[in-house]
Amino acid sequence: MTRRTVSPRAGVFGSLCVLVFLVNFARVIYAPLLEPFRTAFGVSEAAVGLLATLVWIGSAAPRFPTGYLLTRYPRHRVVLGSGLVLAASSAVAAAAPSFVTLSVATVLVGIASGVYYVAASPLIGQLYPGRVGRAIGIHGTASQIAAVVAPGTVGVALAARFWPFAAWRGLFVSLSVAALGSAILFWAAARRSTISDPQTLDLRLRVALAAHWRLILAGIAVIGLAGLLWNGVFNFYVTYLVTEKGLTSADARLALTVVFAAGVPAFWVAGLLADRLQFVPLMLGILVAFVGSMLSLVAVQSVVPVLVVSAVLGFVMHSLFPVTDTYVLTSLPEAHSGSGYAVFSGAMMPIQAIGSVVVGVLVDVGFSFDAVFTALSIGVAALTAVLVVLTVAGWIPTGANG
C-alpha cells in the first residue's frame, strides 16, 4: 500500500487556512464578549464598545507599513511574525489586569490580522500562480467560517464551568496556544517548501503605485464605496431589522447569521469564477447584484422575505472580496504583488472601516436606516455606471484574464 504524503505547497496553504481562521476569529469574538468585559472591569457601555472599534482600527493601521516590510523581508517571515504577534497579544489579553491593558492587547490583535492579510494574500498568489482565484476563495472560506462559528463558540465557552479563571480569559488562552501552534506549523511547512528559498523582495510601494496606479485605483473604486455601505449594514443589521422591519431580536439575529453563513459558499464559488471569467464584467455584475439586494432589503418587511434577501445579500457581497483580491493579485507582476497589494488594501480598508460611523451619524441626525441605505445604494449604482463607461472607454485595466 502506497503512503500518500502532503506536498510542501499544500502544507503551507493548509497552515495558512488555519492561521486565517484564527486571525479572523480573534477579530470577531469581541462583539459577543463586550458584556463580560464590562462586568469584569466595571466600565461603561461606551468604553467596551470602543474595544470592537479598536480591533478594526488595529487591522487597518498596518497595511501600508506591512507593504514596507515586504520590501525588506520575505513574505513567509512576515506571515510568521503576524502569527506570533497574535499569540502574544492574545496571551496579554488573557492576563490583562486592567481595561487599559486589554485595550492595548486588542489593538495588537487587530495589527496582527492586518499584517497577516497583506502578507498572506500575495504569498497565496505565489503558491498557486495559475489558480489564484480558487486559492483565495478557499482561504476566504476558512476566514468566513470563523465569523460564522465565533458567536456560538463564545457562548459555549462562557457557559462552560471547567475554567480555573474567568471564561473569557480562558478563551484568549486557547486562542494564544492555537495561534502559537499554527505559527510553528506554518514555519515548519514553509521550510519544507520553496517559499523559504532566497527570493527577490517586493519593490518599493512608490514604485508599485507609479507602475500600476490605474489597476490599484480600479480595485479601490470597486470595493471602496460598496464596502463602506456593507460595513454600515452588517454592524447595524440587528438594530435595523428590529426598529424598521418590526422583527424580534431573535429573528434579527438569525437574519444576521444567515448573512454571514451565506458568505461561506460565496468565497468558494466566487474564487472559482474569478479563475474562469473576465474580472471587470464579473466585478461590475456583482456590484449590480449588490445594489439590487440592498434595494430589495429596503423594500421587504416580513420575516421570510428578510431571511431570503439576507441570504442573497450575504452571498453577493462576500463574492466581491475574493474576486477583487484575485483581480489585483494576478494582474500585478511578482515583483510588485506584495507592495502593490499593500497599497490597494491600505487605501480601501479605511474607506470600509468608516461605514458604521457614516451610517450611525446619518441616523443620529434624523435620517431613517431605509433612507440612508437607499441613498448609499444609489451612490454605489452611480459609481458602477461610471466604471462601466470607463471600461468601455478602455481606461479600466482588464486584468490578467482580460
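Each Cβ is built from the backbone N, Cα and C atoms, and glycine gets one as well.
Noted in TrEMBL for the protein shown:
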- 12-397: domain 'Major facilitator superfamily (MFS) profile' (DOMAIN)
- 12-33: transmembrane segment (TRANSMEM)
- 39-57: transmembrane segment (TRANSMEM)
- 78-96: transmembrane segment (TRANSMEM)
- 102-124: transmembrane segment (TRANSMEM)
- 145-164: transmembrane segment (TRANSMEM)
- 170-190: transmembrane segment (TRANSMEM)
- 211-234: transmembrane segment (TRANSMEM)
- 254-273: transmembrane segment (TRANSMEM)
- 280-300: transmembrane segment (TRANSMEM)
- 306-329: transmembrane segment (TRANSMEM)
- 341-363: transmembrane segment (TRANSMEM)
- 375-396: transmembrane segment (TRANSMEM)
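Sequence-distant contacts of the transmembrane segment (211-234) (same chain, six or more residues past either end, CB-CB distance under 8 Å): 240, 256, 259-260, 280, 283-284, 287, 290, 294, 297, 313, 317, 320-321, 324, 327-328, 331-332, 336, 340, 343-344, 347-348, 351-356, 358-360, 372-373, 376-377, 379-380, 383, 387, 395-397, 399. Where the transmembrane segment (170-190) meets the stretches 39-57, 78-96, 254-273, 280-300, the count of C-beta pairs under 8 angstroms peaks at 78-96. Of the candidate ranges 12-33, 102-124, 145-164, 254-273, 254-273 has the most C-beta pairs within less than 8 angstroms of the transmembrane segment (306-329). Sequence-distant contacts of the transmembrane segment (254-273) (same chain, six or more residues past either end, CB-CB distance under 8 Å): 133-138, 140-141, 143-145, 147-148, 151, 234, 237-238, 241, 247, 282, 286, 306-307, 310-323, 326. Mean model confidence of the domain 'Major facilitator superfamily (MFS) profile' (12-397) amounts to 90 (pLDDT, 0 to 100 scale).
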